[in-house]
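Asks: A single structure is presented below for examination.
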């Protein structure tokens, strides 16, 4: 039995899709425990590039059963568009299963998301506008719509009307928008009921029975540690807990059953949207990483902010997730750049911080303290073992490992599934 949780260790876009694609073919179930269609990822299989938004990368596995867990918020229109798009390219999404307890994104959630961001103006968080935050807000306010609700029209209508009683007051009186008609929302959900019904399961029961039978489960977290609503750079965060603890809650797999916590981390750092970013680059090297690394958001098309590797964040992510292993990605992007700065600590008002500063204000004013290592000039994209890497690349990886709080078990040297060096197999412990 193995229950492995995959967690982004930075601000997202670390390459979680690649890690899931590699491990997904070796497990029985791949579960997405949190998030929605607000965080895309790219997977390259057989030379074909797939851009996924709501579905877990495990949907491309030929053997694993992909599951959307109870912690996911699901836009049904986006779900079936993504399924249809995959099947049009020959992929088989028929094994997909969905927790009956997952919450649904309603059209009014997207409306609320957009008007709230517009109202905030310069104070806007920079959401994707897909209604994820308002859906989670309804969940914790106990007025959300769950997957199971669309199979009982009476309950569905009651819940939609209840939710809109308040939202229409806000839309009309505060934002000067038209009221949303409840019956239109009800019919929107009902139109998907027949297609959705065969996919719906008691995911917690299925997954725990699988583990009891000695099967392997992979939990594919969305977003990343620094976007966690509790542990991230609040308020510039997502609305869920994309950390290892959140994966347990969002899948229904108890924390004592998790055998490995695998952090995914880039050989440099990126971020999308607003918020503090100590190692951010505003010079030619920022543009270089953006261009060579292909740092454009899958979901939004926005260019990612780029900076050097931040070991303070890595140590923090190791701590809050209990990482047993790291999967380092995009090492190849650093080939030929001369020297590579590594952030080893922060300076905050003249005081050195080796760990995350206590307050948001301190983090916002943190200045990185760098040490520098020489880069390598050799092409590493065909390297199959750690020993195949140039010595300077080996030294860089080992230094990151020393600084980051967990062993480096996988090293990505290119975008392809086969462009990965395996030092330790997390399925073997």
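From the backbone N, Cα and C atoms, a Cβ is placed for every residue, glycine too.
Annotation source Swiss-Prot lists active site, proton acceptor at 13. Annotation comment: Swiss-Prot describes 41 as active site, proton donor, evidence class sequence analysis. Taken from Swiss-Prot, the feature GTP binding site applies to 12-18, 40-42, 304, 330-332, 412-414, supported by sequence analysis. According to Swiss-Prot, the feature IMP binding site maps to 13, 14, 15, 16, 38, 39, 40, 41, 128, 142, 223, 238, 302, an assignment based on sequence analysis. Sequence annotations record features per position, and here Swiss-Prot assigns Mg(2+) binding site to 13, 40 based on sequence analysis. The substrate binding site annotation in Swiss-Prot covers 298, 299, 300, 301, 302, 303, 304.
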Asks: Counting Cβ neighbours within 10 Å across all chains shown, tell me which of the binding-site residues 15, 301 comes out on top.
Replies: 15
Asks: Nearest of the recorded positions to residue 413 (GTP binding site) by CA-CA distance, picking from 41, 223, 303?
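Replies: Ranked by Cα distance from residue 413 (GTP binding site), first place goes to 41.
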Asks: Round to a whole number and give the Cα-to-Cα distance in Å for the pair residue 301 (substrate binding site) and residue 41 (active site, proton donor).
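Replies: Each residue's Cα considered, residue 301 (substrate binding site) and residue 41 (active site, proton donor) end up 12 Å apart.
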Asks: What does DSSP say about residue 331 (GTP binding site): helix, strand or coil?
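Replies: Reduced to three states, the DSSP call for residue 331 (GTP binding site) is helix.
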Asks: Using the alpha carbons only, what distance in Å do you get between residue 304 (substrate binding site) and residue 42 (GTP binding site) once rounded?
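Replies: Between the alpha carbons of residue 304 (substrate binding site) and residue 42 (GTP binding site) there are 15 Å.
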Asks: Within 10 Å of residue 40 (IMP binding site) by C-alpha distance: pick out those among the recorded positions 13, 18, 303, 331, and say none if nothing qualifies.
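Replies: Within 10 Å of residue 40 (IMP binding site): 13.
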Asks: Can you name the recorded positions among 12, 13, 18, 303, 331 whose CA is within 10 A of the CA of residue 223 (IMP binding site)?
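Replies: Checking each Cα against residue 223 (IMP binding site), the hits are 12, 13.
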Asks: What count of other C-beta atoms do you get within 10 angstroms of the C-beta of residue 331 (GTP binding site), across all chains shown?
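Replies: So the Cβ neighbour count for residue 331 (GTP binding site) comes to 25.
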